[in-house]
Amino acid sequence: MPDLTGKALPPVLLLVLGTVTVLPISALLIRAFLGRDGGFVGLDNFIRYATEPGLAVAAWNSTSLSAIATVIVMALAFPYAYALVRTRMPGRGFFRVMALLPLLAPSLLPAFGLVFLFGNQGWLKHWLLGESLYGPVGIVMASAFYAFPHAVLILSAGLSAGDQRHYEAARALKAGPWRRFVSVTLPSCRYAAISAASIVYILVFTDFGIPSVVGGSTNVLATDIYKLVIGRFDFEMGAVVGVLLLLPAVIAYGIDWFARRSQRSMITGKSVPIQPERLVWRDAALLAFACVVTCVILGIIGMAIYGSLVRFWPYNLTLGLQNYERLFTDDDEFRALGNSLVLATGAALIGTTMVALSGWLVARKLGASGVRNGLQAVAMVPVAVPGLVLGLGYVFFFNNPVNPLHGLQGTMLLIMLCTVAHFYTVPHLMAVNELQRLDREIDMAAQALRVRPAGSARRVFLPVLLPTLVDIAGYFFVNAMTTVSALIFLFTAQTRVAAIAVINLVEGSRIGQAAAFAVLIMALSMVATAIQMVLRGLVLRSQSWRRRTT
């Protein structure tokens, strides 16, 4: 019986992945050029939106605030990443964990911490010198906290990819530490810096949660699209704003792609890994800097936790678990928490399965080259698409009565698929990179022994990929717990999840309960990450063939 895995599976997977990524985005792009009656109106929607007085203000706010936040994040993340990778500073492992801590929290959590610190009744309100937190100041501060770990990750990878030979040559030429930093370090990580800045800009430009909490009367494009669709039911204008959100994100991703490609080309097979030297004055200065940044991170998170324990901020500061008790006694909020766990588990299972298949097909070059290349291209699409744009595209595509998949509208399965699509690119690249490390001779040996592709996948590739699959499942789970923007248009009363419930609590001025829910989401994400690390360790320990034998 012929094995059809390599022939039938690629087009089927391409169809599924295209349905949950490309088709919804296409539906949004088409809707931007249609009128309320469904007829083609050309650029009329864009012209109508351009004449609205708030457009220029919202566009300028999104652009300028994203740029300011990007500059601040880069100014903080570069020395922090440098301290982690290029110094002998003590406690580097601890500081790395602290830098990544915000990844486990929804973007709303730092906004709550800032409200309790710098809000109208905040403890440190006077530090803002008369400025209000609710507006540009709050958006920039919370966005910097939210985007900081992403920049640290990218810059750390770029700084660790240097070549020790360049530094040895610089020392031979009598170049001092500062000269080596300017002449060798900065040029070697310039592409990583460009990539980090691009990613930070995308994150801030397209984020919805932070402006909804501390934005005040400051309009940005991310909140504009929500007001147009939910407040005015103007789907055509919502599609127009979606296009406006999509274009800068695509441009920034293009810059990031070029930077990453250029960074990889700088590393050759003869490169020597970096060996940081010990400079007491530098290590001490960067240790002090890392301590300050870590204190800020822990301070904001700690203040959010404190605010969640206060009975009624700021009038009754009695500590207790009342806000948490309400979450478990209120049927709607408790259901939202359960829905989040269902969503995260389902997204982890569906996403990990799809990523394992697509990574295997692409990395091992199975199926027709055109289909395989199409699968790789479609898998790269979500990284350039903001969550708000993808979610609104789902509304247009799956809510169409002529669509045979119309029945998925309003279901938890659709929310799972949207979440998987939104975060698909990074896990796909993780799987492809891991499988590409295997020698092609394995495939040749399997063919010689007449082993079918499915058999070699089960016996060889799956065991090799298993630790990475554990990481991928954890990645999907945590992101499904914390995401807001991709789901804000898709939930119903029965499928509302915890992150959306936080937004609803803020809209109802129940800030204490909202903070408690955000803290609870972070705690569950931390537990999931701990389980992921334990499972990965158990998998690696069970695979004795990974350990060298003598």
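Here, residue 1 is simply the first one shown, and the rest follow in order.
Just so it is clear, glycine is given a Cβ too, placed from its N, Cα and C backbone atoms.
Per TrEMBL, the features are:
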TRANSMEM  12-34  transmembrane segment
DOMAIN    59-256  domain 'ABC transmembrane type-1'
TRANSMEM  65-85  transmembrane segment
TRANSMEM  97-119  transmembrane segment
TRANSMEM  139-160  transmembrane segment
TRANSMEM  237-259  transmembrane segment
TRANSMEM  280-306  transmembrane segment
DOMAIN    337-532  domain 'ABC transmembrane type-1'
TRANSMEM  341-363  transmembrane segment
TRANSMEM  375-398  transmembrane segment
TRANSMEM  410-432  transmembrane segment
TRANSMEM  460-478  transmembrane segment
TRANSMEM  515-535  transmembrane segment
Surrounding residues of the transmembrane segment (139-160) on its own chain - C-beta under 8 Å, 6+ positions past either end: 65-66, 68-70, 72-74, 76-78, 80-82, 84-86, 96, 99-103, 107, 110-111, 114, 118, 133, 185, 188-189, 191-193, 195-197, 199-200, 203-204, 207, 210-211, 213-215, 218, 220, 263, 274, 296-297, 300
Leading contact stretch, 12-34, 65-85, 237-259, 410-432 vs the transmembrane segment (280-306) - CB distance under 8 Å: 65-85
Two-stretch contact, the transmembrane segment (410-432) and the transmembrane segment (12-34), at least three Cβ pairs under 8 Å: yes
Feature contact check the transmembrane segment (97-119) with the transmembrane segment (515-535), CB under 8 Å, 3 or more pairs: yes
Recorded stretches the transmembrane segment (12-34) and the transmembrane segment (375-398) touching, at least 3 CB pairs under 8 Å: yes
Cβ-Cβ under 8 Å with the transmembrane segment (460-478): same-chain residues at least 6 beyond its ends: 103-104, 344-345, 347-349, 351-352, 355-356, 359-360, 364, 419-420, 423, 426-427, 430-431, 434-435, 438, 442, 446, 525, 528-529, 531-532, 535-536, 539-540, 543
Stretch of maximal Cβ-Cβ contact with the transmembrane segment (375-398) [cut-off: under 8 Å; candidates 97-119, 237-259, 341-363]: 237-259
